[in-house]
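**Q** Following this message is one structure expressed as C-alpha cells.
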C-alpha cells in the first residue's frame, strides 16, 4: 500500500457484532480508533439500519473500507446469525453502505488478532510459567456463546488467526456431577455442545440442572444473579454452579491447549470472567486445567491469561482489515 493510498483509506468502519450487542467504531488513522459505540442488536431490524444510525451520529463521514467481526461462521456471501435474527448478504450490505470493500470475519478470529497486539497491562495471568516464543496461542471465551480460535506463528513474529466454531463441539463430562448436568441438557436439547454450558445461558442451565437434582423449584434466574449470589455467599447452590462453570472452562481450555500445542499461552476473552476475576484466580479453573493425567506437567507450564482489554474485537478486526487492504492495494 502506498503512502497516498493509505491516507485516503481512512476513516475505516469497524464493527464487532455479537448475539446481544453490536459495537461500532471508526479508525481515523492507522491504529487510532475513536467513536466506539454499543448498540443493542434487538433495537434494529437489520445490520444496515444499525450502521446507518451509528454513522449519522458522527456526521455521515465518507467511508470506503469496512470490516465486521461477527459471532457466526462466515462461509460464502450469506450470513445467518446463530444467536440473533439478523441475516444478510455481505455484498448487498456493502452496496447498501456504499463501501468499496467490506470484509467479514468470525468474532473470535478478531479476538485472536487483537491478542497479537496486546500489552501485558491488558492481561492477568492465572498460573503457569512464561510463554514460549513463536509457539501457538489458544483463544477462547464465554459470552452469549463460546468463541474459540487460535494464533499460529507463520514467521517473522507474525501469526495467522484461526477461524472455526469450536464452541459447538460435543461436550464431554468430567465427573458424575457433570454427567448428571449433561443428561439434563440432553433431555432438553438433544445434542449438547460445549457452549450450552460455557456461556451466559449455560450458567443458568448448570444451575437449573443442580436445582432439579435437589428438588428445588426455582424462579427464573439470570447469570448476573447467579454470580452475585455465589460471590456474596447467599446461595450455596449458586456457588456450586459457578465452581462447576469454571471447572468446565478449565477442561475445555486444556483440551484446546493440547490440540494446538499452545505453549504460547491460553487467552480467555469475553465479558463474563472479568466480572468475578478475584474469585476466578482461586476457582477450580486452574486445577481442572492441569488435570490431564500423563500431560499434567505439560499443561502446568502453560500460562493462562484473562483478557481485560475493553474492545478487543474492534482492535482485532482493524488488524484484519489492514492485512486485507495491503493485498487489495497491491493488486490495483
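Here the Cβ of each residue, glycine as well, is placed from N, Cα and C on the backbone.
From Swiss-Prot, for reference:
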- 15, 16, 17, 18, 19, 20: ATP binding site (BINDING)
**Q** Got a sec? Which of these binding-site residues, 15, 17, has the most Cβ atoms within 10 Å?
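**A** It comes out as 17.
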**Q** Which Cβ among the binding-site residues (18, 19) has the fewest C-beta neighbours inside 10 Å?
**A** 19
**Q** For a quick check of understanding: among the binding-site residues 16, 20, which residue's Cβ has the most other Cβ atoms within 10 Å?
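**A** By the 10 Å Cβ neighbour count, 16 comes out on top.
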